[in-house]
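Below you'll find the structure, written out as structure tokens, and then a few comments.
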Amino acid sequence: MSNWPPPPLQEAYCAYSIILMALFWCTEALPLAVTALFPIVLYPMMGIMDASEVCIEYLKDSNILFIGGLLMAIAVENWNLHKRIALRVLLIIGVRPALLLLGFMLVTAFLSMWISNTATTAMMVPIAHAVLDQLHRTPTGKDVEEGSDNPTFELQEPSPQKEETKFGEKDNGQVHPVPAASLEPTAQQREELRFSQGMSLCVCYSASIGGIATLTGTTPNLVLQGQVNSLFPQNGNVVNFASWFGFAFPAMAILLLLSWLWLQILFLGFNFRKNFGIGGQAQERARAAFRVIQTEHKLLGPMTFAEKAVSVLFVTLVVLWFTREPGFFVGWGNLAFPDKDGKSMASDGTVAIFIGIILFLVPSKIPGLTPDPENPGRLKAPPALLNWKTVNEKMPWNIVFLLGGGFALAKGSEKSGLSEWLGDKLTPLQNVPSPAIAFIICLLIATFTECTSNVATTTLFLPILASMAQAICLHPLYVMLPCTLAASLAFMLPVATPPNAIVFSFGGLKVSDMARTGFLLNIIGVLVITLAINSWSYPIFNLHTFPSWADTNNTANCLATTPRP
């Protein structure tokens, strides 16, 4: 019985499991997280892996990093710090049309680097529409003096899970256009509608773009880190917060700038004098819109003790992430907690959970002798910055299981021999130039992610691409990095990603508007990723050589051959 099933059947059984899960993920016949639990049942029954081995994959270090990063994101949202940051940046940049687009894109991209892109979009869209409401009306003296009170600002986003449900119910393909004064809109009304469409799209696109810059910004990045650590245990933590940021942040900045130029040309036209608001009436409207932002910023009042405490902890977390084991100098992890090889025993997940625990300890107000109104004679301690009820409501636990399912799939592919079999079948690709391979992969993933979850897309493709790279003696990260970045290029359809659905359900957009705008953005994104993987990624990840940690029995000859350029 110990020889059951025969070795050749294990590959087929594992392939069956992957195909079955891929079908369920693509059709969403079951919730994505439920489908991710299939390996726990299928792998032991098929003799691929022991149940205890499979279950370990569901709470790896990347999952812990995800949970710890979200604890900080939830604290930032809970104390409205993200809204203060957004309004402050908009006050600095100004509200002239072209600069307003840029301001919203910069703010949204920055926030989505650290908190959920869904929550970021849900907060920024109401602000954008409130500002546009002022920009598109003829201001009165009172408006200019005080800024009109706009109820849109009162919209506060619930937790990411609830937001998806709320907007999902409205996202039924019906468009609620901006009401016009007549059946035939005037040229000014058409111009205002186009600017509103451009503003809405700039928010959802920059939320997706901003997430690629940090390891915790979007889930596919963590999928990559987990897959690399699972498939190549001896990789020496090659994908960490610092190395990823050095690679992905320049790509994000270039893509964001090009997206701003494309949206400006498409929705504002080539009249740059007008786009930058040079003109009497435009300046008068801009002042009215500026007053709205200014008023809302004043309503937030001075920074509370809780906001200051969260800000300090947030900066501390980022600094600790960057300096733990950066690679180009000795980090605090190497000095304080080294293993026998001098590597840091503490991971990015360790840092995230450490700061997360502190959030549950630090009070939200300066502790004082405040009497408890419910218990006279007793003193009441101020609540902590975070409490478990808030975390439980806002933490997307389904993503934790989805990540774990992806890691289990990758491990099963390796254990069953399916990865090796796939690698052998893909050896003819050795004759194709490496840049062409990366470009084709980007196009394939960018197309695929429009219809399926970006997490499911990376989960399915990364193990296959790793096997292909080993078979053709190519650095695995050379194909895995473009796949991960391209999974975030979901710009064409409302169903492609939650930020798109939120913006689409807000009104004023048609599917054709999003598809037309997103198509060229996808092409721009693919070109930027191709540039990144063939330029500055080489020194960061040493892509010019085939790494020893990727060497297995079937690739031993790779180290003896000349590495592919």
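Including glycine, each Cβ sits where the backbone N, Cα and C put it.
Among the features that TrEMBL reports, transmembrane segment is placed at 12-43, 63-81, 93-115, 241-263, 344-362, 432-448, 460-479, 485-507, 519-541. Here TrEMBL flags 139-181 as region 'Disordered'. The annotation compositional bias 'Basic and acidic residues' is assigned in TrEMBL to 160-173.
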For this session: Can you tell me which of 12-43, 63-81, 93-115, 432-448, 460-479 gets the most C-beta pairs within less than 8 Å of the transmembrane segment (519-541)?
Result: 432-448
Problem set entry | Chain residues in Cβ proximity to the transmembrane segment (432-448) (below 8 Å; excluding those fewer than six residues from its ends, i.e. six or more beyond) | 457-458, 461, 465, 474, 478-479, 482-483, 485-487, 489, 522, 525-526, 529-530, 533-534, 564-565
Problem set entry | Sequence-remote partners of the transmembrane segment (485-507) [C-beta within less than 8 Å, at least six residues beyond its ends] | 117-118, 120-122, 125, 129, 160, 163-164, 167-168, 170-171, 175-178, 200-201, 203-205, 207-209, 211-212, 218, 220, 248, 251, 441-443, 445-446, 449-451, 454-455, 457-458, 514-515, 517-519, 521-522, 525-526, 529, 532
Seminar exercise, completed: For the transmembrane segment (241-263), out of 12-43, 63-81, 93-115, 344-362, 460-479, most C-beta pairs under 8 A are with 93-115
Exercise. Mind checking which residues reach the transmembrane segment (12-43)? Cβ under 8 Å, same chain, six or more beyond either end.
Worked result: 5, 49, 51, 54-55, 57-58, 397-399, 401-402, 404-406, 408-409, 412-413, 415-416, 418, 451-453, 455-456, 460
Exercise. Looking at the stretches 63-81, 93-115, 460-479, which one shares the most CB pairs under 8 Å with the transmembrane segment (344-362)?
Worked result: 63-81
Problem set entry | Contacting positions for the transmembrane segment (460-479) when only residues 6+ beyond its ends and CB under 8 Å are counted | 18, 22, 25, 223-224, 227-228, 231-232, 238-239, 406, 409-410, 413-414, 419-420, 422-424, 426-427, 429-430, 434, 437-438, 441, 445, 448, 533, 537, 541-547, 550, 552, 554-555, 557-558, 561, 563-564
